[in-house]
Amino acid sequence: MQDEPLYRPTSDSQMSNERTEHPAERGQGGELHQTPRGDTPRMTTAQGTPVSDDQNSLKAGARGPTLMEDLHFREKMFHFDHERIPERVVHARGYGAHGYLEVTDAIPELTSAGLFQKEGNRVPAFVRFSTVAGSKGSPDLARDVRGFAVKLYTEDGNWDIVGNNIPVFFIQDAMKFPDLIHSVKPEPDRGFPQAQSAHDNFWDFVSLMPEAMNMVMWVMSDRAIPRSLRFMEGFGVHTFRFVNAEGEGTFVKFHWKPKLGMQSVVWDEAVTLNGADPDFHRRDLWNAIQSGDFPEWELGVQVFDDAFADTFEFDVLDATKLIPEEQVPVRIIGRLVLDRVVDNFFAETEQVAFCTQNIVPGIDFTDDPLLQGRNFSYLDTQTKRLGGPNFTHIPINAPKCPFHHFQQDGHMAMHNPKGRANYEPNSWSQGGPRAAPKQGFQSIAERVQGDKRRVRSETFADHYSQARQFYRSQTGVEQGHIANALVFELSKVEVPGIRERVVSHLLNIDDGLAQDVAEGLGLWTMPKAADPARTPIDLPVSDKLSILKNGPDRFEGRKLGLLVTDGADADLVGGLMDAVEEAGGTVEVVAPKVYGVTLSNGKTLAAQQKIDGGPSVLYDAVAIIVSEDGAADLKAMHPARAFAADAYAHAKFMALSEAAGALLDAAGVTDRDDGMTVLSGKAEAAGFIKACCKLRYWDRVS
Ligand code: HDD
């Protein structure tokens with residue numbers, strides 16, 4: 001039996017009783033897969049029973065009914081029917097990768113956390129990025145906050161920093177989290193819109209909760225449409241505590257700063273990207289890691305004491321506020337590198353369970369009421385999502401340091417210790433584990449006293465000052481994007497009263513912004529400003545809050561879309577590709593046909609995208625190197641005209657061959673500006689890539 005090939009060659013007749021070769025039996029190159037002989041493992045059921053035929057269910061006769069007795073069919077179908085687990089109630093769409101955190105500046109004076117005792121210490125890390133509102137299958141470029149959740153497998157247990165790419169939050173008290181999320185998710189009666197805040201319920205809720213206004217400014221800014229997960233900052237958001245070996249505490253806020261700098265797309269690109277490549281962010285992360293271009297962030301901390309907290313304009317326990325970097329500088333203490341994609345998306349990215357309660361000795365919580373509530377919610381949700389209390393037995397969630405406890409049994413228990421002792425204290429000789437008062441986790445000895453009341457502290461009452469500071473710290477281009485985003489979103493709101501209520505808040509943030517939005521909406525009469533609980537104050541501009549003021553000035557890690565046709569000048573193409581490579585970028589070739597083109601020197605150049613699958617929104621800059629005949633062909637193709645028109649409209653730098661002008665004209669792009677370089681040789685190619693380091697030619701649109 002073992003010597004007989006289990007799969008036979010294709011039968012001539014599809015109607016024959018002989019089983020026919022299934023397409024799945026062919027490899028990608030068309031070669032026939034190995035039959036289960038030699039080194040190829042034989043297929044079995046989950047019980048280990050060898051399977052003889054995985055194509056046909058067991059029937060009474062070739063055309064007869066399927067038999068219940070078919071153990072292989074029933075087991076296969078039963079397992080398939082149970083493949084899904086509940087998606088996360090928020091942050092359902094996410095993408096993870098492995099890496100490490102390396103300490104670059106030891107801080108034993110601040111914290112006793114083992115990790116930070118010595119420069120050069122490294123711990124494994126797993127990071128999951130996510131959007132918040134959309135379900136698991138929603139597109140990557142939704143206007144939304146991005147989750148930035150980091151699990152560090154330290155020698156003292158797992159430390160999770162479950163943060164976002166925005167340093168403030170919508171609400172101050174965890175009590176309001178279900179309401180916030182209900183309001184942004186699809187409306188309950190109609191089940192839409194998906195992955196969007198542009199609807200009545202969201203704007204109704206936030207306009208009734210003025211504490212949301214600071215975060216609303218951030219979400220309407222370009223921060224909410226990052227170009228890549230690699231090009232965004234991350235924040236722990238809350239104020240945490242460092243505790244040193246003497247038991248002394250300092251306040252700390254955590255920051256992740258991307259090595260390649262920040263970058264966002266423009267809204268019109270995001271809208272197109274969501275259709276052109278709904279997986280744009282995850283594909284980008286996967287490709288970067290697979291090509292050895294490992295994404296990296298600096299870990300920074302803002303450390304401050306009670307004296308600062310007492311004099312700061314806001315309460316450091318209020319998660320709707322940040323501390324400007326100009327006030328408390330960020331000290332860089334480590335680097336986070338992602339150098340390995342997952343082996344299995346479900347096992348790792350889907351099953352990873354972050355909990356804000358996962359901290360290690362040397363780190364502690366504060367009384368931030370949002371953080372306190374989160375500490376309940378995460379553990380609770382994992383139990384539901386992963387089916388029981390043993391989710392720490394799943395490898396991605398298990399600590400990588402030794403661990404010993406008496407928690408036992410339950411669904412799917414994988415760690416089942418031997419021996420008699422399962423309680424403590426006990427008299428058995430191997431009766432450990434025992435608690436270690438010195439090395440064990442200790443909460444900071446903080447005096448806590450107060451009346452038992454449901455109240456919001458008066459110190460949380462200023463809802464507009466930081467929103468104003470954020471808006472006024474942006475460049476003109478960025479301010480325009482915020483106004484446009486508000487107009488776009490509020491134009492999707494059906495109830496005029498809700499739109500007007502939002503504008504009434506904007507009046508407390510910035511008059512000019514309120515005017516721009518009112519004008520964009522076509523609002524006839526300006527509403528009265530909302531009554532602020534506390535009169536907003538003017539804070540100094542904080543340049544660090546702007547993306548464009550902190551632009552990367554490099555093309556490293558970025559992508560050029562190169563549109564070519566048959567007969568394109570081989571020297572220009574070669575020179576440009578070399579220049580991009582030298583700058584640390586990549587080139588994706590777009591052509592009328594995916595097998596590519598024949599260049600002027602007779603050599604072929606393979607394409608990665610056919611023109612209608614490679615719109616210019618996929619790229620940071622574009623080049624159109626075409627022959628005259630090629631340009632004439634492209635003129636007739638809508639996707640080619642759109643490639644040129646969109647690149648122009650999105651303020652991208654463009655490199656052109658002489659002949660490309662005809663395509664631009666046909667696309668309605670009659671301007672020739674300084675964001676365009678007509679190439680005639682290598683020198684221009686280098687100059688063009690240097691210009692691309694600015695990422696956009698904003699003068700074109702501002
Ligand atoms: Fe949350 C997931 C970040 C407030 C309750 N949250 C979740 C994830 C991130 C954040 C990144 C995805 C983790 C992953 O990739 O698996 N959440 C935040 C930040 C907040 C915040 C930065 C404010 C500072 N969250 C917040 C509150 C609550 C929750 C106030 C409830 C009281 N969050 C959850 C949750 C989730 C979650 C329901 C859903 C899936 C999960 O936990 O694992 O428990």
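In case you wondered, yes, glycine gets a Cβ from its N, Cα and C as well.
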Candidates Phe170, Phe177, Phe346, Phe441, the one TrEMBL lists with Arg88, Arg128, Arg374, Tyr378, Arg385 as binding heme: Phe177
As a test of the contact definition, list every same-chain residue at least 6 positions from Asn164 (active site) whose Cβ is closer than 8 Å to its Cβ. Val145, Arg146, Gly147, Phe148, Gly234, Phe235, Val237
As a quick check of your reading of DSSP, tell me how many residues in the compositional bias 'Polar residues' (42-58) are helical, how many are strand and how many are coil. 0 helix, 2 strand, 15 coil
Restricting to the chain of Tyr378 (heme binding site) and a gap of 6 or more, list residues whose Cβ falls under 8 Å of its Cβ, or answer none. Val162, Ala353, Phe354, Cys355, Thr356, Gln357
Using other CB atoms within 10 angstroms as the count, which residue among the binding-site residues Arg128, Arg374, Arg385 scores least? Arg385
Rounded inter-Cα distance in Å - Phe177 (heme binding site), His91 (active site): 13
Ordered by sequence, the long-range same-chain Cβ contacts of Arg88 (heme binding site) under 8 Å (at least 6 apart) are Gly94, Ser130, Thr381, Arg385
Provide, as an integer number of angstrom, the distance between the C-alpha atoms of His91 (active site) and Arg128 (heme binding site). 10
Three-state secondary structure, which DSSP defines for Arg88 (heme binding site): coil
